[in-house]
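According to TrEMBL:
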BINDING   His21, His46, His48  Zn(2+) binding site
ACT_SITE  Cys40  active site, proton acceptor
ACT_SITE  His87  active site, charge relay system
ACT_SITE  Glu131  active site, charge relay system
Amino acid sequence: MAPPAARLARVSRAVTFSACHRLHSKSLSNEENRKLFGKCNNPNGHGHNYKVIVTVRGEIDPVSGMVINLTDLKEYMQEAIMEPLDHKNLDKDVPYFAEVVSTTENLAVFIWENLKKLLPVGTLYKVKVYETDQNTVIYKGEE
């Protein structure tokens, strides 16, 4: 009898955090920034309650029955997302955004890169960032 085929699954976990930012590109003039980003270019910034859903994938371990221990995933997300981003001014408190415009697209990349350093190799599948209920970004790494 052949051994059972590997069972693959995806597991997701969500966190929410609050942060402020200003959409502003150093490559553009002040007028170009105002035209491109509108009210989101407010010099004093604006805030969001972001929601992030992280999805990992892998084989279901036949002993534990898990793809990943959710306690471990929670700790990785705490380190990669909550600690550097929660209640921060993205442009002033997060060095990555000193040279990168703090769009939700770039925020998803930042989170991906942070998580990739912590998670077992090849398990990170998707990062989904909700800036608002209407605006979301999905990033799956360099596809």
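Note that Cβ sites are derived from N, Cα and C of the backbone, with glycine treated the same way.
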All chains considered, the count of other Cβ atoms within 10 Å of the Cβ of His21 (Zn(2+) binding site) is 25
Check the recorded positions His46, His48, His87 for other C-beta atoms within 10 angstroms of each C-beta and report the one with the most. His48
Pairwise CA distance, His87 (active site, charge relay system) versus His46 (Zn(2+) binding site), rounded so that it is a whole Å: 12
Please work out the number of neighbouring Cβ atoms within 10 Å of the Cβ of Glu131 (active site, charge relay system), leaving out its own Cβ. 18
Relative to the Cα of Glu131 (active site, charge relay system), which of the binding-site residues His21, His46, His48 have a Cα no more than 10 Å away? His48
Is it possible to get the count of other C-beta atoms within 10 angstroms of the C-beta of the residue listed as 'active site, proton acceptor'? 16
Whole-Å Cα distance, Cys40 (active site, proton acceptor) to His46 (Zn(2+) binding site), is 7
Quick one: which residues besides His21, His46, His48 have a Cβ within 8 Å of the Zn(2+) site's Cβ centroid, in sequence order? Ala19, Cys20, Arg22, Cys40, Gly45, Gly47, Leu90, Ser102, Glu131
